[in-house]
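Written below as C-alpha cells is the structure these notes are about.
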Amino acid sequence: MGKKVAIIGAGISGLASIRSCLEEGLEPTCFEMSDDIGGLWKFSDHAEEGRASIYQSVFTNSSKEMMCFPDFPFPDDFPNFMHNSKLQEYITTFAREKNLLKYIQFKTLVSSIKKHPDFSVTGQWYVSTERNGKKETAVFDAVMICSGHHVYPNLPKDSFPGLKHFKGKSFHSREYKEPGIFKGKRVLVIGLGNSGCDIATELSHTAEQVVISSRSGSWVMSRVWDDGYPWDMLYVTRFQTFLKNNLPTAISDWWYVKQMNAKFKHENYSLMPLNGTLRKEPVFNDDLPARILCGTVSIKPNVKEFTETSAIFEDGTVFEAIDSVIFATGYGYAYPFLDDSIIKSENNKVTLFKGIFPPQLEKPTMAVIGLVQSLGAAIPTTDLQARWAAQVIKGTCTLPPVKDMMNDIHEKMGTKLKWFGKSETIQTDYINYMDELASFIGVKLNIPWLFLTDPRLALEVFFGPCSPYQFRLVGPGKWPGARQAILTQWDRSLKPMKTRAVGHLQKPALFSPWLKLLAIAVLLIAAVLVF
C-alpha cells in the first residue's frame, strides 16, 4: 500500500498532483468544494465564496504549444490562444484520458488540516472535511495544497480617502462577469494588470468612458509577436535565457526595454512603468493601445481621493460623474484551513522552499503546488512541481537541511526583488526554475550533449520554444512522443490558422545563422570541457 495523500483542489494543480501521485505509487484523494474540475478555468455566472472567479470573455495568455501537459498536446485544430471554455474542455479530456476523476470527492470542503500528535515521527496530518452537512476527519501521510492564488481578493478600500462617500458602485474585479450592465456608463478601473486591462477594453465598446488608474504603469504585450507568431513561442526560449544570464546587465536591460517597446512607445500612451527594467510580468492585451488611440480608454495615475461622484488623481486631474469603480487589485494568499505558522505569508512573502515546501516542518509531507508565477505557463510548471513533490513524499528525493533551505529562500528573495520588484515575490524566471526542478528528479536536459548526439532536436530545443515536452524528453516519466512533439510544434501552432490555401506554412527563422553558429560553438566547447 502506498502512502495516502490528500490533495486540496481539482484545478490544473490538483489534477497534476493526482497524476504524479499515481505515477509514484501513492494513493491520492482529492477534495474539491465545487461540482466540477478546472478550478480557475471553470466559468460560473456569479462569484462564489472560496472559489476563483473569471469573467465570461477570458482567453489564455499562453499559447497552446507552451501550456499543455507535457505528454498531452492540445488537438491540432485548437486555436493558439483559447477561450476559457475551450481550455476547460481540454482539462476535462485530460482528466478522463488519465482516469483521474475517480480520485476526486466533489462538493467537499476542507475545513482544517492539523498535524498528527506524532507528526515529528510519522509526518501525518489530520484532514477534516464537510460534505452535505456531514463532517469527517481522516489521517493522511501527506498533503498537497492546490487551491491556487486567485481566491481571496485584495480590496484596499481603506487606501482611498473618500471612497466611503462615493455614491456609485464599487467592487472587486472577481465580481465582474460581462459588460452589458455598463452600457452608457462611466467606469473607473483601478489596476493595470491583466484583469484590469481586459475589463477596461471590453467595457470600452459599450461604456461611455473608461479610465484606468495605475500607480506604477506596466509593459503591455500583444499575444501576436514578430511576424504574427505567438509571443511565447518566440520569447520563452533557452537562447533568450542564455543571453539574459550572460550579457552585461546594461545590455540586457536595454534589450529588454527595446523588446517591450517594439510594438509601440509606452511613454506616448502613458503606460511606461516607473522602473522599466524590472522583469515584472507584463500585461497581455491586444486591444488596449487601439482603445487608447480611439479615446475610449485613458490612463491616469493613482487616485488621491474620491468625492461623492468623482475621482481626483495625484496629478490633480478629475474623472467626473463616475457610475462604477472596479478594483482590479489582485489577490492575497490565504489558507484558512491551515495554521498560519506553517506557511507564513506577510508583505506578499511566502516562506516556501522553491515555492513548494514549508522548510520548517520536521517531515517534508506538505507541498504547495501552483503558487509560483512566471512568464511561462501554469500547467507545465505545476506538472513538474507535482512530480518533484510526489517523489519527496515517497522518499525517492530528499530535501536539504532546514538551514540550507532558509538560506536558499533568502537568496532567491533577494534575486526576485532585484528582477521583479516588491509586489511580485511569487514571480520567478520560468526556464531557470523549470531546469532547477528538472534536475531534482533527473529529467534536466544536457544541452551540449544533445547538440553532439541529436543536433536537429538540439537546435529546436535551444533556439525554439521551451515547450513543455522538453521536461518529459528524458529520465523518469519520459514520454516516447516528446521528441516528435518538439519537432512538430510549429505545425500544430500554424494549423488552426491555415483555413485558406495561400501557400506553404511559414515557420520562423528563429535567429540569424551567425548567432546560431556562435552559440553552438560555445555549447560544444562546454560539452568537450565537461566530458
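Numbers here mean position along the shown chain, with the first residue as 1.
Every residue gets a Cβ built from N, Cα and C, even glycine.
For the FAD site, Swiss-Prot gives Gly9, Ala10, Gly11, Ile12, Ser13, Leu40, Trp41, Asn61, Ser62; the one candidate out of Glu32, Glu49 that the record lists there too is Glu32. Ser195 (NADP(+) binding site) has Leu40 as its nearest neighbour among the binding-site residues Gly9, Gly11, Ser13, Leu40, going by CA to CA distance.
Taking the Cα of Gly11 (FAD binding site) as the reference point, the closest of the binding-site residues Thr60, Gly196, Cys197, Asp198 is Thr60. Comment: FAD site residues Gly9, Ala10, Gly11, Ile12, Ser13, Glu32, Leu40, Trp41, Asn61, Ser62; largest CA to CA distance 25 Å, whole number. Secondary structure from DSSP puts Asn61 (FAD binding site) in coil. Reported as a whole number, the C-alpha separation between Leu40 (FAD binding site) and Thr60 (NADP(+) binding site) equals 12 Å.
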